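Going by TrEMBL, these are the annotated features:
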- 31-52: transmembrane segment (TRANSMEM)
- 228-248: transmembrane segment (TRANSMEM)
- 255-273: transmembrane segment (TRANSMEM)
- 311-332: transmembrane segment (TRANSMEM)
- 353-375: transmembrane segment (TRANSMEM)
- 448-473: transmembrane segment (TRANSMEM)
- 494-514: transmembrane segment (TRANSMEM)
- 558-581: transmembrane segment (TRANSMEM)
- 593-617: transmembrane segment (TRANSMEM)
- 633-653: transmembrane segment (TRANSMEM)
Amino acid sequence: VGKRFWREPWTPQKYDPTFKGPIYDRGCTDIICCVLLVLAIMGYVVVGIVAWTHGDPRKVIYPTDSRGQFCGQQGTPNEKKPFLFYFDIVKCASPLVLLEFQCPTTQICVSKCPDRYLTYLGAYSSRTPSELEYYRQFCVPEFKNPQKVGRGERGGVSPVLNSLARRCFPAIRAKKGVIMVGNETTYDDGRGRRRNVTELLEGAKKANVVLETRQLAMKIFEDYTVSWYWIIIGLVIAMVASLIFIVLLRFLAGIMVWVMIVMVILVLGYGIFHCYLEYAKLKGEAGSDVSLKDLGFQTDLRVYLHLRQTWLAFMIILCIVEVVIILLLIFLRKRILIAIALIKEASRAIGHIMMSLLFPLCTFFLLCLCIAYWASTAVFLSTSNEAIYKVFNETACQFSGQTCKPETFNTSNVTKLCPDAQCLFAFYGGETAYHKYLIVLQFFNVFMFFWLANFVIALGQVTLAGAFASYYWAFKKPDDMPAFPLFSAFGRALRYHTGSLAFGSLILAIVQVIRVTLEYLDHRLKAADNKFAKFLLSCLKCCFWCLEKFIKFLNRNAYIMIAIYGTNFCTSARNAFFLLMRNIIRVAVLDKVTDFLFFLGKLLIVGSVGILAFFFFTQRIKLVQDTAPPLNYYWVPILTVIVGSYLIAHGFFSVYGMCVDTLFLCFCEDLERNDGSPERPYYMSPELSEILLKGNLEPSKSTDSQG
């Protein structure tokens, strides 16, 4: 098949009387990539099983001690100890806190948080039994001899104001801008050294970041539990609106396009007017003039809505979007008429293949599976680390540094040979091959997510392209079309071109992983002063962003050529690229104008449903004011509805977009193969040829004379 369609890059297609549309006599392509994909999926399943075996997602929500036991869990020694106490909270300032969901310091479960400041040295030197007994409850369980205390057992007990989410935090306060604990700016770390309170504050902040993240997640979860019903209703409204819009576009394409343009302008205009009203209403109110920079990040986003600067920023953004859209419409008014003709033809094609409107649901379902598997695997991998204990001693011991278990350490030979040895917490991790390569497994998890997600999207694109190509190359529409064009195209894609789809999605996944890595490096370099490194990183990010957009564009058109000719990925990408280059004016005139019109359609649906959700969840609709559920953050369901509406609208419009791209590529091929004569008639419909073969879009004489 590859040799049959091989030709010079800039040579137009020649007339072939046997060509009747998508080739049915085809073979498997890019078999090596197909095998690689199967092996990668098998490895991904193994990684998921291993992660689910070792990980425990409850560590993300519930406090656990250094032995991995949950505080307050029934049926365990910690049943009556619901609070978590950190031995050295300063160590929580480590970056590992955010990566592993734990502070790298010994942690124990206690029945209550301390209410007084006390160190072991202070308690022991006082020789007061009550002081020693009070201190004993904040030591590791195996602490028996008060005269023999190691590094991991002693520490400072600082007072707390309250127990926040079942965790004990020091009572740090600011007095006239000075950070203090108690009435002092320094504290005893339990080892006879004085340390600055700012170190304690930094550790508490980092530990609190994880805590606030967990609290935010729990509140968001609560909002979902009380609003999921209304969220589904909002998504159903978006689906019905998208379906009605698509059906009307099928019969009234010209009218609907202009109605869509006017409605988008009106919706944006109302958004600007509403932002101005909110901006004017906040004038003179206390606290409304605080700048966003001074306010900083707040988990409760409602705080931002009480600032004038927020509404001013919204108003400026909407004004810019409104002006840009109006200017584009003015300059593209003639091209819009041509694009409407192509949309009408796409409407006729979709009318003959109505099942294509439901096909995005299949793609959406597969993408949800990919996202769910990736997210669950990532959480299980992140919670796979366990507390590692090692032998510590002050004198020479052959067992020093070896791994030990606190439960059996006192009965082991180590204590007999090394009387001063202790089994103390060392770090979170693991010494097995699995734990050593956890970061590699996380990277593999991210890579496989991008690869599989891109593969699912590619499968949907090549299926729709095959179905719509069957419509275009049917000389008598719809009589010459196959009985089930969508299912036939789907079967051909899976049977013959899984390898080619894997190849294209693999290239895109590699670029996307590189972009994620660059974003991570950029985040790590934010605190650095190396301006050259930041400049170089910004250039790389820009280059790879452009590369990703180009690869997506090339892949999309390569999949269309695969669906038609059955060639491998490289040949299809090459032929598609040079076909577009030979028709670059048509690409600029038609393809991108239709994309712009479809974007306006998605913007109209998402904006309308988003405004409706905003008024409902903020209880501004009087008829259903008491129906809206009470929420912690009303932006949670609103944002969910907006994102979901966009995905739904994108799913419906992606069918139109793929149909337009396929018809456009087939149109370019049709112009090169045929000349409109009785011997070589065009396959395009009379309505399409009437407007596309006029003016700037008329094919050149050199192209017509080919054959």
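The backbone N, Cα and C atoms fix where each Cβ goes, glycine too.
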Using a threshold of three or more Cβ pairs below 8 Å, and leaving out pairs closer than 6 in sequence, do the transmembrane segment (593-617) and the transmembrane segment (228-248) count as in contact?
yes
Six or more residues out from either end of the transmembrane segment (448-473), which same-chain residues have a Cβ under 8 Å from its Cβ atoms?
19-22, 37, 40-41, 44, 346, 349, 352-353, 356, 359-360, 362-363, 366-367, 370-371, 373-374, 481-482, 485-486, 488-490, 492-494, 497, 501-502, 504-506, 508-509, 512-513, 555-556, 559-560, 562-564, 654-655, 658-659, 661-663, 666-667, 670, 683-684
If you count every Cβ pair below 8 Å, which range out of 31-52, 255-273, 353-375 shares the most with the transmembrane segment (494-514)?
31-52
